């Protein structure tokens, strides 16, 4: 029992202890709840963040559902981490606020647009400056033009396409200067090509500069490049042909824009540059040995000299003798110094003598002519030029070239370049110099050589005079002195001012200045009118040729008879129609060129009138059925002829009105009377001449209306009488007597005003006109022979073929 009681008490004690422990645990849980409450406060601070609130609510639910203390504590710790994360969310606000900073960046797009607009403004401004420079260039103000071009280049971007065009214009200015600045022009072309490598104008201008500098190989390279880029460029083709002719005349050949040398002959045996340098080395070794011997000899003689006496030491090398006195009382140091100086002097003299004695063999190649010569080592360019002059006496001014390691022909212009040619030819054997003939202005030594030649001739003659008479005059001495002074001062006294060239230059400049002015527009307009008139009259005359051809076709039918008459008539009709079509085409072209020339309208009306008569009488000759024949085309011919003749009358009246309004320009008449149709005219009375023209046009219009009335009558048209009455009115306007004309045709009328057979009695009409001309001298100025010529055209020879009767009634 006691044991049981003890066990029970022990269990109660354990139970009480466990309850105490549970109570302590519960207290810590309250602390957790208090912590959770503080977390709720934290969540309330970040109420604006929906995600954090949702997380906090979820944590509160977790706390209420916590079954164990460890889970709660772990949750609380996790909540602390969440709070720290929530607190870090405040840092995100400034990042969001930085979006406002993006607005100005977006606004910079407008700045980009403004920059693009600014670029367009710069380009337009540069083009304006370029146009101003072009105007100054046309006025020969090259400095002002280059200034404008320079301003345009400053405005444009460096890699803009317009820069190449402007620099090409600058190169043109340099080329036009006196004398031409071709080197600067080439530099500008290089800058233009650096922006646009395929700029044709820059390549052509650089080629012209190279040609002016006689660098034909470089000029040919640029021009061939232009030909490849633009095969149809006429200027490039012209320059290529010119360069080829120039190079071929000098014995050179062109193979695909590469200059080839002529075939060389077999080289004679001579000293090569390697042997030349070896020879020079032997001379130097020999000189060194001799100098050592001189030194030993001088030392030995120095030892034999007694102190109280003076001895003479002689050192002899080649042709030079060096004497040196050595005093006996001098110290050994001074004696040694003098010996060293003696050795150096002897060595230098021997070196100079050896170099002067050594020459090198060279070849001069001119076209197919190759000649040998000798040159001293390290000679000057002028010396080389003298040798060329001696070897080729017939040549005047030349350039001397050598072939470099790349195979290009390089012109030698300085002594340094001559040294470079010697270095590049060491591996080629005998040195070769290529002689190219140029103009005297391009050879800097030509003037000096000419003066030296004259001086030599003068000196020879002077010596001959001295030897011949034993004395000379002061004048000869003055002439010689003048030649020497001219050579030294480089004064060209023989050059005089060419007044003719200067006058022509000033004249051309003045003409260009006048041409570019506003006052030149009037003469230009008058010149344009004259050229238009010349072109229109040429086409007008060509139309006359076709009309004459059509009439000639018809005149060949006279005397034709037999069965083949109809075929020949048809062939002649078709050929005449073709000639009429060609004449009409030429007249219409003349009308487009010179629409205010009344002669064009008159010629076109006459052509349409003759074509209408040709078609109508061909129908009559062919005996076609007039009821089924389509006559609309012939009627249209008559209407067009009448319209054009009236138009010519209107243009003539307008010309007269213009002459009256501008009496000062009375001589500026665009269209005058054509001599072929009008014959001789009175130049002293323009009003009388105009009256004659109007009368002639009225008669031509009368003939058109009369022929039309005949056709309309045959076709049973009701308005034939109107055409006939209009023709009678025109006869009256032309100055004829209406009663006489009516009397002629009255025999053809019958009762009821029906036309039985209208025939134009040519002989009677001409007789009446002759009587009027004799009585009244044709107050309107139209002679009867002209009227006869016009009226005879009413029926061609095709309508008078034998054995063919034309029935009209």
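Here the Cβ of each residue, glycine as well, is placed from N, Cα and C on the backbone.
Remember, it's a predicted structure, so these values are computed and weren't measured experimentally.
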Write down the residue from 298, 664, 680 that Swiss-Prot flags as phosphoserine.
298
Candidate ranges 1-22, 23-44 [criterion: Swiss-Prot lists as region 'Disordered']:
1-22
Which range of 184-235, 236-287, 288-339, 340-391 is region 'Disordered', per Swiss-Prot:
288-339
Average pLDDT across the repeat 'TPR 3' (200-233), rounded to a whole number:
88
